[in-house]
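For reference, the structure is listed below as structure tokens.
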Amino acid sequence: MVDILNLTFEELETFLVEKLGEKKFRARQIWQWLWNKYVRDFDQMTNVSKQTRAQLKEHARIFWPEVVTTSKSQDGTTKFLLRLADGALVETVLIPGSQGRITQCLSCQVGCAMGCTFCATGTLGFERNMTMSEILGQVLVAREYLNDVAERPILRNLVFMGMGEPLLNLDEIMRSLHTLNSELGLQFSPRRITVSTCGVNPEGLRRLGESGLAYLAVSLHAPTQELRRTIMPKAARWELNDFIEALQSYPLKTRERITFEYLLLGGVNDSLEHAKQLVRLVSRTKAKLNLIVYNPSGDEADPYAAPTEERILAFEQYLWSKHVTAIIRKSKGADIKAACGQLKAAETGGTPCCAQND
């Protein structure tokens with residue numbers, strides 16, 4: 001039984017011709033029903049013959065992730081706990097911006113292998129990669145949900161900043177990006193998609209850059225290799241200087257810059273000396289910085305705390321004084337554990353990690 005949402009347009013054409021004996025033109029019809037009209041049942045495809053629909057039901061399935069729980073924050077953030085076909089749980093978050101625009105934070109793996117010490121997802125360990133249909137199923141769930149909201153907000157931006165490291169699931173990420181960008185698919189411009197990476201896969205970074213299918217964000221969080229090795233032990237396997245050198249040759253569009261994400265941890269990476277080191281590092285690239293304040297887990301064993309307001313502002317002001325664009329990003333959804341670093345999918349609670357506004 002074929003997961004039809006896991007087929008690219010070209011793969012769908014091949015499936016219809018070789019498996020079902022259909023003409024190629026059927027692919028466009030079926031594709032539009034799947035990705036533009038969001039149908040869940042082949043019988044809803046009214047311009048497809050009954051015979052073809054019967055064959056589709058026999059040989060294929062349309063599977064959307066099951067919404068287990070929906071949580072709504074006081075700030076308007078919405079979090080979905082989703083169950084995949086094999087029972088695995090992941091989360092996705094809708095973050096409200098201005099003028100009714102919504103940013104969706106997407107997961108790409110069940111669990112995460114990176115083990116970053118400040119991120120709840122890191123405690124889960126890695127279970128498996130998500131498929132294209134599972135990744136894009138999050139978008140289908142979001143669009144269906146938003147269509148039923150009275151204000152009809154617009155799903156404008158997608159950020160791969162949820163569970164998992166995108167460049168460790170590169171093949172499915174690339175397949176997903178092609179479908180997202182397709183005029184026949186979900187019709188998202190590359191300028192509305194951001195892929196975030198810890199920097200663990202040089203070949204993946206090269207392929208993503210050459211594709212031009214998304215903007216790049218870098219989960220940096222430390223200005224030196226030594227500190228990065230302490231708080232992001234697996235990400236630090238790629239030497240920071242080598243990573244920055246790779247970013248120097250990363251292809252950027254006109255006026256495009258690489259976004260560096262920097263989570264401020266009180267007493268760990270938030271001093272003036274850290275700010276100076278950070279300036280020396282990121283000034284080697286076309287960069288802008290998103291400063292994200294740590295969200296305490298509430299666990300007594302949590303080794304980290306948020307910096308003081310004074311230290312946050314001093315850090316930001318130093319960056320600006322050295323002509324480095326830096327924005328303090330407000331993490332939304334903390335009251336439902338949907339803020340940065342809180343992602344830990346579970347039926348008893350849990351959540352993803354974004355601090356992205358439109």
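Yeah, the Cβs are placed from backbone N, Cα and C, and that goes for glycine too.
Under the heading active site, proton acceptor, Swiss-Prot lists Glu91, citing sequence analysis as support. Glu91 (active site, proton acceptor) has a Cβ environment of 29 other Cβ atoms inside 10 Å.
Positions annotated as active site, S-methylcysteine intermediate by Swiss-Prot, on the basis of sequence analysis: Cys340.
Other Cβ atoms within 10 Å of the Cβ of Cys116 ([4Fe-4S] cluster binding site), summed over all protein chains shown, number 23. Annotated [4Fe-4S] cluster binding site per Swiss-Prot: Cys112, Cys116, Cys119, in sequence order, evidence recorded as sequence analysis.
Note: Ser219 (S-adenosyl-L-methionine binding site) has non-local neighbours Cys116, Ser196, Thr197, Cys198, Gly199, Met232, Ala235, Glu261, i.e. same-chain residues 6+ apart with C-beta under 8 A of its own C-beta. Here Swiss-Prot flags Gly164, Glu165, Ser196, Ser219, Leu220, His221, Asn295 as S-adenosyl-L-methionine binding site.
Among the features that Swiss-Prot reports, disulfide bond is placed at Cys105-Cys340, with the record citing sequence analysis. With a 10 A radius on its CB, Cys105 (disulfide bond) counts 30 other CB atoms from all the protein chains. In the three-state DSSP scheme, Cys105 (disulfide bond) falls into the strand class.
The average pLDDT for the domain 'Radical SAM core' (98-335) in the predicted structure is 93. The domain 'Radical SAM core' feature in Swiss-Prot is assigned to 98-335.
For the pair formed by Leu220 (S-adenosyl-L-methionine binding site) and Cys119 ([4Fe-4S] cluster binding site), distance between Cα atoms is given as 13 Å, rounded to the nearest Å. Listed in sequence order, Cys119, Thr121, Gly122, Leu124, Gly125, Phe126, Met163, Gly164, Glu165 are the same-chain residues at least 6 apart in sequence whose CB falls under 8 Å from the CB of Cys112 ([4Fe-4S] cluster binding site). Across the residues the record lists as binding S-adenosyl-L-methionine (Gly164, Glu165, Ser196, Ser219, Leu220, His221, Asn295), the two Cα atoms farthest apart are 20 Å from each other. Close to Glu91 (active site, proton acceptor), meaning Cα to Cα within 10 A, are the following recorded positions out of Cys105, His221, Asn295: Cys105. Taking the binding-site residues Cys119, Leu220 in turn and counting surrounding C-beta atoms within 10 angstroms, the largest count is reached at Leu220.
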